[in-house]
Amino acid sequence: MEKVSLYACLILNLSLLVIFPYSKASQADKLNEFILSRKSQNPPKTLSWEEGDALKTLFSSAAYVAPPQEELRLADKIVTLPGQPYGVNFDQYSGYVTVDPETGRELFYYFVESPCNSSTKPLVLWLNGGPGCSSLGYGAFQELGPFRVNSDGKTLYRNPYAWNEVANVLFLESPAGIGFSYSNTTSDYDKSGDKSTAKDSYVFLINWLERFPQYKTRDFYISGESYAGHYVPQLASTILHNNKLYKNTIINLKGISLGNAWIDDATSLKGLYDNLWTHALNSDQTHELIEKYCDFTKQNYSAICTNAMNMSMIEKGKIDSFNIYAPLCHDSTLKNGSTGYVSNDLDPCSDYYGTAYLNRPEVQKALHAKPTNWSHCSDSINLNWKDSPITILPTIKYLIDNGIKLWIYSGDTDAVGVTISRYPINTLKLPIDSTWRPWYSGKEIGGYVVGYKGLTFVTVRGAGHLVPSWQPERALTLISSFLYGILPASVSPSN
């Protein structure tokens, strides 16, 4: 039977997706693009993050640490953001941290402290995925940050379900070339990959903690979504290794959480197509062909498998694959005099409002950012990605074995949804500590939860790829439970 290489097959799928273009490339699109276009290693390397020879340099020398940075911290404090609402009762900071002084590589951050008891609450680092997408544009201004952008592209409104209600939250644009992060050596943009991103993010953290020394001993958590299913575990692993090597730069890592995360190619690809079928986006006939002829653990697919996967994309049609029940953006023009509010019906044109806001000169000045043609995602970073393990499961196992709390959550209306998390988790064969049950947020079932030894899996009802955008209250309930170390409530508070 004729065989088609994995790479050729994925390119064919990618060309089919162009038939149904999105109005604007988003984080979810970038993940899809990356999955369909990347070259897996041949033979695929399944070594854990800790075992690869190429990673020796990651742990072989102390990180670059700048001198004391109190003056920089004071300079990074934001006086006010243009268009922000009245009554802001928390401190916010933003600016650059140098991660490589020789090449002039600097990463941009935005930090919001909690409005109450910030001196005792934990520190949470948020990372968006892609690869190549901004944690400022998505995480901070569209998902879990304290503000969202009105449809006028000029003003902000408060998010009552912001995660800084329960933690001090740090948003990082990484790697260089994304958002406001940059390098004076442009060839750096062609070298981005999992290894360099983990290393730069670690160096960023060490230096950021020098700038904010009051957080050095604070409980520290990392959370992220999408391709951050790679970033977050890899950064956590890097921290653990360096904590053992260098006692003067200890980071008090307690746990990680992964949302709608891509962590294992073979099981996640199967989960993707199963999810499309169970949500009635694919026909029985196409799904049966994929089930029979597609072995996602192999490098080469048969022509029948390739054609079936292509047909799956055609059958799905022009919908938002990452919230399959949501409308598309049909009018991206800015609206004057609009005032938004946070609900479970996210405006599908929100990307455009954020882009307009973050490109305003007065906004970039207030954020202490260099003048930049800012965008949510970088095409060059995504398409030039240098290294990406086909599985992160060994790294996840390493973190569990080292006592790091680990939650994985999935919105159930995302095509990259529940099955792409369940299938990889099942391969770990962890004992169940707490059986599958519903959990509540307010008076409604927020989703379902199952507890394993060392890992908790949570679904979020009615949420797409960006869980805090589509179900902000449920996302806050979830992250609060994660930080407090308890499972979400099993009964409604009204009962």
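Here the Cβ of each residue, glycine as well, is placed from N, Cα and C on the backbone.
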- Message: For the candidates ASN13, ASN336, I need the one that Swiss-Prot annotates as N-linked glycosylation site.
- Response: ASN336
- Task: According to Swiss-Prot, CYS377 takes part in a disulfide bond; indicate which of CYS9, CYS116, CYS133 is its partner.
- Result: CYS133
- Task: Can you sort out which of CYS305, CYS329 is the disulfide partner Swiss-Prot gives for CYS294?
- Result: CYS305
- Task: Can you grab the distance from CYS305 (disulfide bond) over to CYS329 (disulfide bond)? Cα atoms, rounded to a whole Å.
- Result: 32
- CYS377 (disulfide bond), DSSP three-state class -> strand
- Note on the structure: Rounding to whole Å, the Cα atoms of ASN184 (N-linked glycosylation site) and ASP414 (active site) are apart by 38
- Message: Validating a neighbour-count step here. Other CB atoms within 10 A of the CB of CYS377 (disulfide bond): how many?
- Response: 27
- If you rank the disulfide-bonded residues CYS133, CYS305, CYS329, CYS349 by how many other Cβ atoms lie within 10 Å of their Cβ, the lowest count goes to CYS329
